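Beneath this line is the structure, given in structure tokens, with notes to follow.
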Amino acid sequence: MAQLLPYRGDYYLWKYVPNVGAAALFIILFLIMTGLHAWRAWVTSSRFCCAFTIGSLVEVIGHIGRALAVKRTDKLMPCVLQSFFTLVAPALFAASIYMVLGRIVRSVHGEHHSIIKVTRLTKVFVLGDIMAFMIQGGSSGLMFNTSTAKIGENIVLVGLIVQIMMFGLFVACAAVWQFRMYKAPTPESYRGDVPWRQTLYMLYGVSIAIFARSIFRVVEYVEGMDGYAMRHEWTLYMFDTLPMFIVTVVYWRWYPSRVGMPPTSRGDDIGMGESEDNSGVKGEREEGS
């Protein structure tokens, strides 16, 4: 039977023995979603969704780390794997999510309603996301050294707060743009072949889920290693793993490949990682026919 063992002396990496069944379940679930996202990104030529697919794969690696740790609670590598990869996966989801809003705005020629210039919209949020990713990823290793653990936790907190602020600003920008569109709709907004409204609502849903997950993580790190969240595994699955799995399902169900670039905007600066053609739109239509 697995036992909780110290890493060095009386220093424990874990406050409980991880549940191998729960870890295995989500390894399988995230692996399935990784395959589905990779397939859909390929058939619809949705390059901007690649980061999302990688994020789902990162969740798989993180939960493999949890499964490996069941009989290795005294080993550093499994703990590092689960801590780092489950921490940064939502930042990869966010990268693709941020790219979708600019595509929605352009698809209905609603650039004049955006509070951030549309040529900068994607770049602003993706750069903020990269900053949050680097802060969280670069500091997570500090938490496994007894002398730098508190410093590592505080730096991770900064990264999480940056992520929360970026998501808050993102949702605000999307909501203001949508309100302005309803007040003064463009002719293109009536096009039935561009599901911009349902895609926008999908963005709200997944953004709120990641926002709430980040708040949980902030609470977790504020409490520290002796806090309730760190001592009870169910909190991680309930407020992090499960919401992130739901995010992958919702994003796949309302995949944003049909929200593409209008032909008249092909020459514009389309932002970081966004496809310049409508091949994604074509592929999605063929898929649905």
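For all residues, glycine too, the Cβ spot is worked out from N, Cα and C.
Sequence-distant contacts of the transmembrane segment (16-36), counting only residues of its own chain at least 6 positions beyond either end whose CB sits under 8 Å from a CB of the stretch, comprise 2-4, 53, 56-57, 59-60, 63-64, 66-67, 69-70, 73, 82, 231-233, 237, 241, 245, 248-249, 252. Look at TrEMBL and you will find 16-36 (among others) tagged as transmembrane segment.
The feature transmembrane segment is assigned by TrEMBL to 48-68 (among others).
Taken from TrEMBL, the feature transmembrane segment applies to 80-101 (among others).
Beyond the transmembrane segment (121-143), the same-chain residues lying 6 or more positions past its ends with a Cβ under 8 Å from any Cβ of the stretch are 80, 83-84, 87-88, 91-92, 94-95, 98-99, 101-102, 105, 114, 149, 151-153, 155-156, 158-160, 162-163, 165-166, 169-170, 173, 270-274. Residues or ranges marked as transmembrane segment in TrEMBL: 121-143 (among others).
Residues or ranges marked as transmembrane segment in TrEMBL: 155-179 (among others).
Within the chain, the transmembrane segment (200-216) has long-range Cβ neighbours (under 8 A, six or more residues past its boundaries) at 90, 93-94, 97, 100-101, 104, 160, 163-164, 167-168, 170-171, 174-175, 178, 229, 235, 239-240, 243-244, 246-247, 250-251, 254, 256. The annotation transmembrane segment is assigned in TrEMBL to 200-216 (among others).
Within the chain carrying the transmembrane segment (236-255), a Cβ under 8 angstroms from the stretch's Cβ atoms is held by residues 22, 26, 29-30, 33, 36-37, 40, 44, 46, 49, 52, 56, 59, 63, 86, 89-90, 93, 96-97, 195, 198-199, 201-202, 205-206, 209-210, 212-213, 216-217, 229, 284, all 6 or more beyond its ends. What TrEMBL lists as transmembrane segment is 236-255 (among others).
For 265-289, the entry in TrEMBL reads region 'Disordered'.
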When you scan the chain for residues with a C-beta under 8 Å from the transmembrane segment (80-101), skipping those not six or more beyond its ends, what do you find?
18, 48-52, 54-56, 58-59, 61-66, 68-69, 121-122, 125-126, 129-130, 132-133, 136-137, 140-141, 143-144, 156, 163, 166-167, 170, 173-174, 177, 199-200, 203, 206-207, 210, 213-214, 217, 236, 240-241, 244, 247-248, 251, 256, 259, 271-274
